[in-house]
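Quick look at what TrEMBL annotates:
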- 206-306: domain 'FAD-binding FR-type' (DOMAIN)
- 36-57: transmembrane segment (TRANSMEM)
- 78-98: transmembrane segment (TRANSMEM)
- 118-137: transmembrane segment (TRANSMEM)
- 149-169: transmembrane segment (TRANSMEM)
- 181-200: transmembrane segment (TRANSMEM)
């Protein structure tokens, strides 16, 4: 597995390398104007950034399990904006450099540059990148259907294919066959990873494990647990705290892969996920017929027992974020003298999920359970939290909930003295 520090170090080293190469060429070779150098550096960085973008979303186990899917998604979102800016800077600087070198006007320079080999296709690719980027903005995502957003996001692959010829023909790679081959191999390898883990592996898992809905059990208002059975489930090596991307193979749902956490420890014969009705798609899942076939991708997620470094553990759940915490509450090892405490934030007791299960687990395992209801200051006041958990700084803390919930609790934990290296969280998008 690759942890966050290693991933960032590798990416940073790669970015520094590709940015240094055009500078070295400009220093050792023919004189290049300032605008030309900006165009070369921004173009190389954009090409490398696209490569990293594809890798972040390739769903490779080394990154998904080492870094965590939620962190990868955040990195992808930030880097996507950076790449679009770099592509824009590259295009403007390259055109301005050509106009400066030839003494032509802006419109004439644009026409000449766009007529160069590979530039028309690269221009179309740039437009597609911008469309995908705009569709991924938070304001836009609220206004378009998930299926539409997903289709627009897939345009990135087309955009990369259209732009690839321009990358190889650019002045920083053209004339250097070894570099061209290396660049092409890097892209080929990443596309192979995308094909393997986003297309081939899900098909193999679907045919190997033959997952089906065994039961849909109500857990509360608008919340159901879906019990899934299948074959050879031990081969998945799933753990409490992880999630799958579930694709329910019905006429209305087969297009969408839903990321839902396991809400109970997985067994050799069954898996359980819990779904809250938050929109049309999840509302319809409340009524799935028994026997519905499922294609599941995973397991994903790094919030597992393997992250634990201390004897005592605090679990914090907000709302439906209880699902992975409930599984960890049942399965985290607890030796004599160790303490496991679950704090569950809910609006009121009527909104608590798995109440009977949690009480039974606490009684059977000798672990502690506390409810934090709306208005209770425990999870927003560092002093109140320390009063409830005096040894907080010497615990591992696992947390799951909405972005607003986790942000508030993270700040409280920091102010209460918890080293953030001991915080393991899964944030819902």
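Cβ from N, Cα, C; glycine included.
Just so you know, TrEMBL annotations are computer predictions that nobody has curated.
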Field: Stretch among 36-57, 78-98, 118-137 sharing the most Cβ pairs under 8 Å with the transmembrane segment (181-200)
entry: 36-57
Query: Who are the long-range neighbours of the transmembrane segment (78-98) in its own chain, taking Cβ under 8 Å and residues 6 or more past its ends?
result: 33, 35-36, 38-39, 42-43, 45-46, 49-50, 52-53, 56, 104, 106, 109-110, 112-113, 126, 129-130, 133, 136
- request: Compute the average pLDDT of the predicted model within the domain 'FAD-binding FR-type' (206-306).
  value: 91
